[in-house]
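Working notes for the structure below.
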4 protein chains.
Amino acid sequence: MTYQEAIEQIYRSTKKLKEKGKPAAYIPELSQIDPSKFGVHICPLKEPSFGIGDYQTRFSIQSIAKVFSLSLAYKLKGEKIWERVGVEPSGTKFNSLVQLESDNGIPRNPFINAGALVIADILVSGLKNPKAELLEFVKSMSPSDNISYSPVVEASEKSVGYRNVALCNFLKSLGNIENQPEEVLDFYFTLCSLETDCQTLSSLFLPLAYDGIAPHSNEKIIPNSYSKRINAIMQTCGFYDESGEFAFRVGLPGKSGVGGGIAAVHPDKYSIAVWSPGLNTKGNSYKGMKFLEEFTTLTELSIF
Amino acid sequence: MTYQEAIEQIYRSTKKLKEKGKPAAYIPELSQIDPSKFGVHICPLKEPSFGIGDYQTRFSIQSIAKVFSLSLAYKLKGEKIWERVGVEPSGTKFNSLVQLESDNGIPRNPFINAGALVIADILVSGLKNPKAELLEFVKSMSPSDNISYSPVVEASEKSVGYRNVALCNFLKSLGNIENQPEEVLDFYFTLCSLETDCQTLSSLFLPLAYDGIAPHSNEKIIPNSYSKRINAIMQTCGFYDESGEFAFRVGLPGKSGVGGGIAAVHPDKYSIAVWSPGLNTKGNSYKGMKFLEEFTTLTELSIF
Amino acid sequence: MTYQEAIEQIYRSTKKLKEKGKPAAYIPELSQIDPSKFGVHICPLKEPSFGIGDYQTRFSIQSIAKVFSLSLAYKLKGEKIWERVGVEPSGTKFNSLVQLESDNGIPRNPFINAGALVIADILVSGLKNPKAELLEFVKSMSPSDNISYSPVVEASEKSVGYRNVALCNFLKSLGNIENQPEEVLDFYFTLCSLETDCQTLSSLFLPLAYDGIAPHSNEKIIPNSYSKRINAIMQTCGFYDESGEFAFRVGLPGKSGVGGGIAAVHPDKYSIAVWSPGLNTKGNSYKGMKFLEEFTTLTELSIF
Amino acid sequence: MTYQEAIEQIYRSTKKLKEKGKPAAYIPELSQIDPSKFGVHICPLKEPSFGIGDYQTRFSIQSIAKVFSLSLAYKLKGEKIWERVGVEPSGTKFNSLVQLESDNGIPRNPFINAGALVIADILVSGLKNPKAELLEFVKSMSPSDNISYSPVVEASEKSVGYRNVALCNFLKSLGNIENQPEEVLDFYFTLCSLETDCQTLSSLFLPLAYDGIAPHSNEKIIPNSYSKRINAIMQTCGFYDESGEFAFRVGLPGKSGVGGGIAAVHPDKYSIAVWSPGLNTKGNSYKGMKFLEEFTTLTELSIF
C-alpha cells in the first residue's frame, strides 16, 4: 500500500467521524473557523507528494511556528540555548506558571509558552529584524513561499493574551528575559500568527526528516545533530500535556497548534501535515490525532 | 564501522573518564557495589551479539524490571490497564507523591514508582503466583535463564522502603490499589530485586526491537502494537526526570535502574544493555548515559 | 445578656436550621451518628457553667485531641518541639502530602495530620506508656473523668487509615519520625478515638482560657506562655483550610474534629464546646460554626 | 509598668542587638535606607501616646497600605468583596503565582499581592479618583495628615515590578480583574508608595483597636464588625509566610511592609507602630518583630 492509498482510505473514514472536537475559543479570530475543514498533505522522500481535502487552504499554524523559532535560535546560538531552556516534558498545562517558580525561571522545554518566550527573547537579542529574518529563514526550507504573518490573528491574540503577558513578565522577574517584555511579546504574538496550508507546512518540515537538509535546494538548513535533537524534543514535548499519548498512539515526532494543525516527521521517510480545527480536551486537533494514529497503524510505520 | 568496532572504541574512551557518578546510597545493599564496574552487551538482529568489560557480571536491575511487569500486565489485561495508569511523562521526581494528589490517584505513567505499584497490583490480582509467573514470563524472552530475584537486595530495600510504603498506601486511599498494600509492596520489592548481567538483559529486550517476537524461539511474547507502545512509553518516560535529556542526547527508547543499568532498543536494529553503578544527579548511570550518547552519535543511528 | 441567655437564644435558632451538613463518611463508625444531635456547654471563669441540648452525650472528639497531645509534648520537651514542626497555617487540606515534600518533612503546624503524627512520635519516644500517660494528663485538666479511648472507633479508623499510614511512612522517609511507623500510628489512632461530651470537653479547655491553670485544682497544667502560644496556633491553624474563615467569622482560638465537635476559648473569659455531627464542605461542624459565629456576634465578644 | 516604661526598656535592649536584618534589596529606592533607623510609637486608648527613637522619621509603609485599601473597599462594597478574594492564610510566598492557578483566580486573602491587586481593581472600578479618594479616606482616620504618596518610590517599584505585572495579567486572564491591568497596576504601585512616620501610622491604626471609630473625631470610619474582621485577617494573614509565627510570638493582629514597618493593634487597648528597615528572611522587620515579641511578653498582654 502506497502512502497515497493509505491517506485516501483513512481520510475518508476519519472525515465521517461525527465527533470532531471544538475549535479554540479563547482567540476570537480562531473561534470563527469552519470546523468541518479537513486537509492532509505528505512529502515523502522517495515517493511523490500527495494532498487531499482542504490541503491548500491556509490556516493559523500557531504553536507549530515554535519549531521554526527554535530551529533558528539553535542555529544562531548553538548548544548555549540549553542554558536558558530545558528539554524535559513539563507534566503540566502548556501555559502553566507553576513549574517556572520551582524551576527558577528555566522553562522545561522550548514548546511550552514559557520556553517559546525565552526562545523569542534570544531571537530578539540576536537578530536585527527578528520578524523579517525569521520569515526568511522559514521560507528557505521549502520551495513554496505561501506563508506569512496574519495581522488580524496577531491583533486578536494580543487582545486576550494576558496570560502570555503574565508569563513573560514572570520570566523577566526571574531573570530569564533580556529584553523588555513588550518587545519579546510583540515578536511572540507575530510568530504565532503565521499562516500557511498543509502543502507548504509539510514541505517546511521535510528538512527535519532529511538530516537538516532542504531537498528542493539541497541547502543545509541546520546541522544533522540539531535536526535529530529537535525531533527528540518534538517527540517528548510536542503535544502539550498529551505528548506521551501522541508517542503512544502515533509514534512520530511532531508539533501541534491550537489552530488545529499538526506537523509530524518520520525521519528518513516523510513529513506530513494535517489540519482539522476541532480540538480535543488537551488542545490538539481531534481528527488530526485520529488520522495520524490510523496512518501509522495502517502503514505499520512508527519510529518505534 | 560495525557495532562491535563502535562499542570497543567508545568503551575505551568512556572507561577512562574520571567522573563516574556515585552508586545509589539509599539502599544499603547497592551502596557497596564497586563503582569501577562497567559492562556493555549488544544483541543486533542482523549481526552477531557482542559484549565487553563486565558484561557477564550480575547486578541489580531495579526499575528496569518495570518494563517486564508492564509487558506482562499489558498482555494479561490489554488496553484496560490504561484506565488505571497514564502514558504521560511526569515532570517530577520518580517517587513524587505530589502529582498523584492532583491527578486523583492515576499515576502519570507505569515507570514512576506509583505507576509501577499499580501495575504490581494488577499482577497480584490477576496471577495465582505473581512472583513465579513473572519470572517465568521474563525467562521466555531470552535463551538465557541467568536471571533471578535477590532476597538480600529485597530485604535491603524493604528495610528503608518507607516512601514506597507511603506511595502504596496513598494510592490505596485514593482507590487505585485493589489488594492490601502489604501484598502489593511485597511483590513490588521482589520485582525490583531482579538480578542479571548485561548479556542476558540485552537479550531480554530484544523482543521490543523485533515487533514483540523473541528471536531465539520465534515466540510472540506480546503483540506488535504493544511492543511499539511500550517503546513509546520508554522513550517519553524511561529515565525519570531525565527522559527528555535521554531522547535528546541518545535518541533511543530505554529504561534505567538505580543499580546503574540501562537497557535500550533501536527498533528493527538491536537491543543493548549497559551497566556502570555510578549515577548522575538524576539517578541514571553516568557512564551508561555517556556511552549510549557516543554510540548513537558515532553510528549516526538514533530513531530520530 | 448573660452567656446562658445568649446560648439559649442561639441554640433555638440554630437548631431549626434545615441545612445541617453531613456526618463524616470516611470512617465507618462516624457515619452512623444521628445527624440531629446538637449540644453546647460553656465554662465561664466568672459565671456558672451552663449546658443545653445533647451536652451530656459522648461523641468522638477526633482531631480536637491534638490539642492535648500538643500540650503534653510541649510540656515535656519545651521549645525544642518547634524544630520538628512549624506554627504556620498550611494553606492546603489537612491531610495533604504535597507541602511536606517542599518543606523537607517539617509539617507546617501540629494540627494538620502530618504535624500531629510528629507530635505523636515525640510522645512515643518520651513516655513509657504513651496512651495511659496522655489520658492521665488530659484528666488532670478537669474535675470530670468522663473521657476515654474508644476501641471501636480506633478499629474503624485503622481499617481505612491508608492515608495516615502513607503520611507517617512519608515522614519517616524524610527523617522526621524516630520510631517505627506502626508504633506511632497505633498511638495516633488511639489518640483520635478519644470520646467525651460537651460538658467535659469545655472543662478540658478551661486551662487554655486561664493562663494554663486548671481552676478546679488550681494546678498549673502548662506554663502561661505555652497556653498563649497554643491559643495562637489554634487561632491560625485550628480549622483545617477554614482557619481564616473561623477567625473571620467567630474570632476565637479553637479546634474542630470530624466528629462534629468544636472547642474554643476566649482567654480570661470562658471555654466552650459545641457538637453537631453534620460537617460543612471543609470538614468542620456546620451548626457548630454557625452557633459560634452568632454567639460572638451577639455577645460582641471576639478576641478582635 | 506603664506602656511607656515597657517601651523605653525594650527599645534600649533591642536597639543594641547586633543582628538587624537587611533592608529590602529588590526595590532600588528602599535598599538605600540607613539600616540603623529604629522608631516606635504607641497610641493607647486610655494612656497618653508615646514615641521613641526615629518615630517622627518618614518611611515607605509599603504593604501596610493594603490595610487601608481593604478597609475602603470593604466599606464601599460590603461582604460582596469576599466573592473575589478569600480570608485564608496562603501557606506560600506573598507573591506566589502558584496558588492562584489551583484556586481559579481567587486570591487566598487581601494581603498577598494577588489579593491586594483584586482590591485595587475594586477601588479603580468603584471610585472616580482612586488615588485621591484613598488618601482622603486614610487621612480621616487620624488627626495627623503627615502621609503622602512618594513618586520616587513609585517609580522605583515600577522599574522592577515585573512580578506584579505578571500577577495582575494572570488574574486578568483568570477573569478576576475588571479594568485594564495597566490601570490597576498604576493604582497599586502608587498605593504601596505611601510614606509616613510611626507617630502617624500608629494613629491610623487606632480605629481598628476602637471598634472602627477614629477617637480624635469620634467618626465611625468602618462598622465595628468590619473592624473585627480586618483584625482577624491581619492575625492570620498579616505577615506573609510568617503570620503563624507572629501570632505565636507576638499575639496581636498586625501588618508588616518590606520598608521595615509593622503596625499592630490590641483591640480595646492600643495601636502601635514600629519601624526598623532591616528585614528577616521572611521579609518582616527583624527588630520590629523582636520588639513586639518582648513588648507583649513584658506587658503580659497578647490577645491570647
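Numbers run from 1 along the shown chain.
Note that Cβ sites are derived from N, Cα and C of the backbone, with glycine treated the same way.
If you look up TrEMBL, you'll see C:Ser63, C:Asn113, C:Glu157, C:Asn164, C:Tyr188, C:Tyr240, C:Val258 marked as substrate binding site. All protein chains shown were included, and the count of other CB atoms within 10 Å of the CB of C:Tyr240 (substrate binding site) stands at 24.
In sequence order there is nothing to list: of C:Ser63, C:Asn113, C:Asn164, C:Tyr188, none of the binding-site residues comes within a CB distance under 8 A of chain D. Cβ environment of C:Tyr188 (substrate binding site): C:Ala116, C:Leu117, C:Ala120, C:Asn164, C:Cys168 lie under 8 Å away, each six or more residues apart in the same chain.
The maximal spread of the substrate binding site, taken as the longest Cα to Cα distance among C:Ser63, C:Asn113, C:Glu157, C:Asn164, C:Tyr188, C:Tyr240, C:Val258, is 19 Å. Of all the Cβ atoms in the protein chains shown, 24 others lie within 10 Å of the Cβ of C:Asn113 (substrate binding site). C:Glu157 (substrate binding site) counts 24 other C-beta atoms within 10 Å of its own C-beta, drawing on all protein chains shown. Around the Cβ of C:Ser63 (substrate binding site), a 10 Å sphere holds 23 further Cβ atoms from the protein chains shown. Its Cβ taken as reference, C:Val258 (substrate binding site) is surrounded by 24 other Cβ atoms within 10 Å in the chains shown.
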